[in-house]
C-alpha cells in the first residue's frame, strides 16, 4: 500500500472553528492510523481577507489540540510560480482559454439567463476566440460540454454530475492569482496527497476539481466528504449557537483532550464507546465508520465530557492549566502545592476550568465575603457559643484529620444539645461565605488551622456587630 498523505488547508480569514478542527482531526487521525504523513497548508490567496493574526490563531489552535504536522505550513502565496507553470500546461493542452468579458457584462448575461429559465453559468463566449493573456483577462477552464463526472466518495458513495451542468470556471483571476479550485488541485498533485478528507460543503466543487485533475493527467486522490455539524435547532452551527472557535473553548476552560474526544464523536463511532484516549483514537479511526448524516452539537454532553477529563487529571497536572484563570480573576497568589490540595475538593463539582476558578475563590482570598442571605440566616447570636467552643478545640489539635474533626464537632453539638447541621452550616458560611461548597471537613483540611481560626474569629466579630 502506498504511503497515506493527508492535508489540512485552512483559509486564514478568521479563527479555527470546530468544523475545521474536526476536519483537521480526521485527517490527522487517518494519517497517524496508517503511519502516513499529515501536511498543513495555508490557503492565503484571498489577499483582502487573509491576515497574519488569523494564521497565528490557526497555528495556536492546532498546537493547543496537539495536532502536529509532518510538513508545512506551506503558503499558497509562496507557490505562485508553481501555479503559473501548471496554468501554462492547461493553456498548452487546450484545457484553458483567456476571457476578456467584463464583470458588468457577465452579470447582465447571468440575469438574462435566469429570466429565460436557463442555468446562470458562463456562456462560453470567449471559448474559441483564441485570446492571449492581457490586462483584465481571466483564464477559464474548458469544461467538457457532455458526459458525466463521477465522485466515488468513501463516505457518501458514488455521486454523479452532468458535465453540461458545470461551468467554465475561472482558473486565474485578472490580477494573476489562481482561484481556489485550481490551486487546491495543483497543491494536492504536487504534494502527493492520497486522501482528501473535508466537509461536505465541498462536494459541489469536487467534479470541477476532478476534471482539472484529468486535464492535467494527474491521478485522482480518494475523496471523503464529512457531514456538517449542526446546532441543537438543526441549523448549521454558527456563532448564534454560542462559541464556535477552538480558542474560545480554551478560554471557557475546556481541556484539549475533551474537545478532541467530542469532535471525533461528532460523526464517527466505534461501537458504543464514548471515551477515547488519543492512542485508542489512532488505533480505531476509520473513514468507514464516519456517518452519512449531519451531527448535532450538544453543549451539555460536551460539558459532561469535559467534566470527566477534569476529574481524570491529577491535581498537580491541573494547577498550571488552572492558574491563568485564577490570575484573570485577580486572586491572591498561592503556592502550586496549596492550589493542588484544593483541587480534589472541586473536581467532582465543576465542568470547566472557569467554574473551578470561580469556586476556588474562598480558598484563596484573605477574607471571605458573606452572602447576605446566608449571613442573615446562619451568622446569628446563637452561634457564639458553638463557634467559641470550636475555636478552642481546633486550636488544640495538632492536625486536621477527618476523624479528629468529626469527633470535635460531634462532641460540641452533643454537649450543647444541638444537631450537627445546626452548627455545620453556620461554620460553612463562616469559612466560605456561602451555603454551597465542598465537604466541610475537606475545606477545613485545605484551609489549614491558621486560616480556619481567623475566619471563625471574623465570623464572631460579624455576629457581634450585627447584634450591637
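Glycine residues also receive a Cβ, built from the backbone N, Cα and C atoms like all the rest.
Per Swiss-Prot, motif ''HIGH' region' is recorded for 10-20, and the stated evidence type is sequence analysis. Sequence-remote contacts of a segment are chain residues at least 6 beyond its ends whose Cβ falls under 8 Å from one of its Cβ atoms, and for the motif ''HIGH' region' (10-20) they are 42-44, 46, 49-52, 54-55, 57-58, 61-62, 199, 228-229, 237, 244-249, 259, 263, 297.
Taken from Swiss-Prot, the feature Zn(2+) binding site applies to 99, 101, 126, 128. In sequence order, 97 are the residues near residue 128 (Zn(2+) binding site), counting only same-chain partners six or more apart with C-beta under 8 A. Taken residue by residue with DSSP, residue 128 (Zn(2+) binding site) is part of neither helix nor strand, so it is coil.
For 236-240, the entry in Swiss-Prot reads motif ''KMSKS' region', with the evidence type sequence analysis. For the motif ''KMSKS' region' (236-240), DSSP puts the residue distribution at 2 helix, 1 strand, 2 coil.
If you look up Swiss-Prot, you'll see 239 marked as ATP binding site, on the strength of sequence analysis. For residue 239 (ATP binding site), no same-chain residue lying six or more positions away in sequence has a CB closer than 8 A to its CB.
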Same-chain residues at least 6 beyond the ends of the motif ''KMSKS' region' (236-240) whose Cβ lies under 8 Å from its Cβ atoms: 18-19, 228-230, 297
Helix-strand-coil residue split for the motif ''HIGH' region' (10-20), DSSP-based: 3 helix, 1 strand, 7 coil
Residue among the binding-site residues 99, 101, 126 whose Cβ has the most other Cβ atoms within 10 Å: 99
DSSP three-state assignment for residue 99 (Zn(2+) binding site): strand
Near-site residues: Zn(2+), ref 99, 101, 126, 128, CB cutoff 8 A to centroid: 97, 98, 100, 124, 125, 127, 129, 131, 140
